[in-house]
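Here the structure comes first, spelled out in structure tokens, and everything after it is commentary.
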Amino acid sequence: MATIMIGSMAISVPNTHVSRASNSVMPVQAVQMAKQVPSARGVLYTLKREGSTQVIKHEEALRKFQEAFDQDVGIQRRLLVNKHSSIQSTKEGWFDLASLNFRAGSSKEAAIARRKQEEEDFLNGKYEQQFYAGVSATKSMKFEGGSVGFRTKYWRPTPKKTKERRATSQCRKPTYVLEEVLSIASKSGKLVEFITGKGKRVKVCYVRKHGAILPKFSLPHEEGKYIHQELQYASTYEFLPYICMFAKYKSINADDITYGDSGLLFDERSSLTTNHTKLPYFVVRGRRNGKLVNALEVVENMEDIQHYSQNPEAQFFRGWKKVFDKMPPHVENHECTIDFTNEQCGELAAAISQSIFPVKKLSCKQCRQHIKHLSWEEYKQFLLAHMGCHGAEWETFQEIDGMRYVKRVIETSTAENASLQTSLEIVRLTQNYKSTHMLQIQDINKALMKGPSVTQSELEQASKQLLAMTQWWKNHMALTDEDALKVFRNKRSSKALLNPSLLCDNQLDKNGNFVWGERGRHSKRFFANYFEEVVPSEGYSKYVIRTNPNGQRELAIGSLIVPLDFERARMALQGKSVTREPITMSCISRQDGNFVYPCCCVTHDDGKAFYSELKSPTKRHLVIGTSGDPKYIDLPATDADRMYIAKEGFCYLNIFLAMLVNVNEDEAKDFTKMVRDVIVPRLGKWPTMLDVATAAYMLTVFHPETRNAELPRILVDHACQTMHVIDSFGSLTVGYHVLKAGTVNQLIQFASNDLQSEMKFYRVGGEVQQRMKCETALITSIFKPKRMIQILENDPYILLMGLVSPSILIHMYRMKHFEKGVELWISKEHSVAKIFIILGQLTKRVAANDVLLEQLEMISETSERFMSILEDCPQAPHSYKTAKDLLTMYIEGKASNNQLVENGFVDMNDKLYMAYEKNLLRSLEAGMARIKLVGKIFYNMAIEKICSTYGEMFDKESCRRKQRIFRKLCECVLHECPVTPKKCKKYTFPKM
């Protein structure tokens, strides 16, 4: 039995023996199919191969170690010195190594190598066979004559003539190329095509059949064309001897010829030719009345011939395998094995084919033409009707791995907008209106009416129109009353929220604990990247203080060590309070003039703030629930003895971990990969609550079941403008406000632009004064070159904060910080170096203008260029997000100001810009005043030296020229601006 591998299926093709012709097609029996039987030999071979792989890996590691050891110059020098150092004994009786220097060791090594080479030469016979008996050979000093040449100074050697050699033709005879091509084809099995005339082509290849290498012609009946004479002997007889020249024939009887042998060529060396045709060559076509038929001969009745082309099943699988192997997945992460039978593979292929291309027969041209002539809408209706007619089969197919995605793709692509009546009503209401807002509504409605058939350009246009409408509506929002705090009440709910995922018996074990299942396995993507392990043996003291740039909070993790003394245990229940803030406008959130209570701080019945209490720690739990008693969920049991704490700036990951509880198990992989690869890189460290809520909304779009997921406890620190997401280690610091939002659906409301709230701009565990600190660091470092070099090396985006003031840009240009930045980053990152180049060009333009508003306008116009470059720069430095926010503010401000100017309004912030510029100038002057005394002395000494030197060179009458030259030198020393030079007034010239 022979096995043909087609994709991932094995089909058994029996070597049938046909003694006579038959009109019936031989069916493939079940016993003839390939069966996969595990064998002990295969297991041993697998183990042997795995062992060989490990041995090869070990030898490769040793080889790389030896190469690294030999290439280490320091180690080789130390080995050479120690090799030639002598061992000496000390007074205490110890033995020590008397180390030589490297030069002495090298000379000894060279002497040993030279002596060894001399010994080898002596043993190999490389010496002169001479005898010396006390007599030294001396050169005679007597002149014995020599050769004399007669060449003059004009002599030149005669150039040699090169003989021209004619290239011999490699083609010794006309058929040389043909023989070479056929020789290659017989070895490789490539297809050779002979063009015998206009529109007449003959295809030949060499195949292995019946233990021999035989030429095989491609005959018309193999492609479904039946003619009386398939090959013209008159047009092919010239090539037939050369084709048979490279064939290897064996003794083949007529009874051995069967299906699949059509096109085989035999010459007079075979009995098939001598017994079945009068021609010198025989090409198998089939049988007629038990006798083989030659394809080179004319046949009258073609219906009597039983053609020996491959059976339909083999032809089908040959075409299927050819296309299947051409279209493999681009991702290869495993080694394929045979896990399903041929019948199961055929069912899967047929199900996918009939789902996308439903026909009665794939070989029927009318079935294909029927689908070809359908319009796109008719084709979608055809697929939906076909799927509806075979609903029972689809219920069975969904159990096959991956088939539910096929069904989902078909349903999504064929879905239509069922609310056409609503869309038509919108058309009726907006018809004949030409205002901007009505036209925007019409564009959005057109895209919604088309449903899945909408094009990408139409979707983009609808999104832009929706954004424009949203911005217009936001600008027309009106504020509500001012005395809202007097009547504001936001009591804590007395009832705990019910989470269906924690109440379902199918998701609980026998102890009533939540079973993570596949969710726990995929949660490693969180713990491996954004959590760090807490090692109890090292103590909990280093985890107690949870710092952020604006303050700090103490965790209650130290309470995990429980004292046995009652008095000390009661002391562990006391927290450390921060300054308790009352309810202010920053504690509330409003939309359309109404309170959004889930986005507000919790209060008591009398309207006073509800302050947080001591949160006791637990070891390995996820604590959720903001109202009522908290719920403790065991962390995934992948590492039973490990405790984890979120890394600095990533405490918001506890929110996504709580959402994972409600994610379906089969979608847990997609959820965790989206959080790791898409959400967290965008949020980064210390994101705002606005960004966290937006990220939660994006996740709920793909996983709607997470909307009712319960949140961990969130404390609000108004003093630091920070929100703390409490994990299982609790909080020893008390006195914070408590956020009322208890579910993800309530937290998403922070993502609304219409929501009027200060808390949505709070950092989740982060810092809000980052921009001010970056500006301060830049201003204080302008006149300190060493600090500026550290900034350029570690955090170069801080220099973009100089865009807030033209004066800062000019001073940085004078100190040549931009040039230094280009030198540092031109070999590391071209995008960062490009930022410094553009900053230098912008400063030259700004310095040439004296009007502050025009200078700020130039900076705003360049912001978009900076933003496009910043997108390609590394995002690791801490000031990346701050610089990006500053550029975004300039870009958005420029766009809004342009819109105001177009509508006839005037920007009235010029006074504010001038006041802000004066404050920055005072800061710069203070920085200049704090220059070290050493620098001042250096400048004074330089000025005095220049004055005294030039005073000796000029007489008293050239005092004016001396002063002019001195001012020029003084400008260079004091780094005056090259565009707008100023006269040096720091020095009083002595009278000559």
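Cβ coordinates are placed from backbone N, Cα and C, and glycine is handled just like the others.
For His221, Glu230, Ser262, the entry in Swiss-Prot reads active site, for P1 proteinase activity, with the evidence type sequence analysis. The active site, for helper component proteinase activity annotation in Swiss-Prot covers Cys651, His724. Taken from Swiss-Prot, the feature domain 'Peptidase S30' covers 168-308. What Swiss-Prot lists as domain 'Peptidase C6' is 643-765, and the listing cites sequence analysis. Summarising the annotation, Swiss-Prot assigns motif 'Involved in interaction with stylet and aphid transmission' to 361-364 and lists similarity to another entry as the type of evidence.
Recorded features from Swiss-Prot, shown on the structure.
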residue: His221; record: active site, for P1 proteinase activity; Cβ within 10 Å: 19
residue: Glu230; record: active site, for P1 proteinase activity; Cβ within 10 Å: 25
residue: Ser262; record: active site, for P1 proteinase activity; Cβ within 10 Å: 22
residue: Cys651; record: active site, for helper component proteinase activity; Cβ within 10 Å: 23
residue: His724; record: active site, for helper component proteinase activity; Cβ within 10 Å: 23
Report task. Would you mind giving the whole-number mean pLDDT across the motif 'Involved in interaction with stylet and aphid transmission' (361-364)? Result -> 80
Report summary line: Spatial hits near His724 (active site, for helper component proteinase activity) (Cα distance within 10 Å) out of the active-site residues His221, Glu230, Ser262, Cys651 come to Cys651
Report task. Taking only the Cα atoms, work out how far Cys651 (active site, for helper component proteinase activity) lies from His221 (active site, for P1 proteinase activity), in Å, as a whole number. Result -> 72
**Report entry** Cα-to-Cα gap, His221 (active site, for P1 proteinase activity) vs Glu230 (active site, for P1 proteinase activity), nearest whole Å
**Finding:** 8
Query raised in the report: Under DSSP, the domain 'Peptidase C6' (643-765) has how many residues in helix, strand and coil?
Result: 57 helix, 25 strand, 41 coil
Report task. Using DSSP reduced to three states, classify Ser262 (active site, for P1 proteinase activity) as helix, strand or coil. Result -> coil
Query - the domain 'Peptidase S30' (168-308), counted residue by residue under DSSP: helix, strand, coil - result: 39 helix, 39 strand, 63 coil
Report task. Give the residue counts of the motif 'Involved in interaction with stylet and aphid transmission' (361-364) per reduced DSSP state, in the order helix, strand, coil. Result -> 0 helix, 0 strand, 4 coil
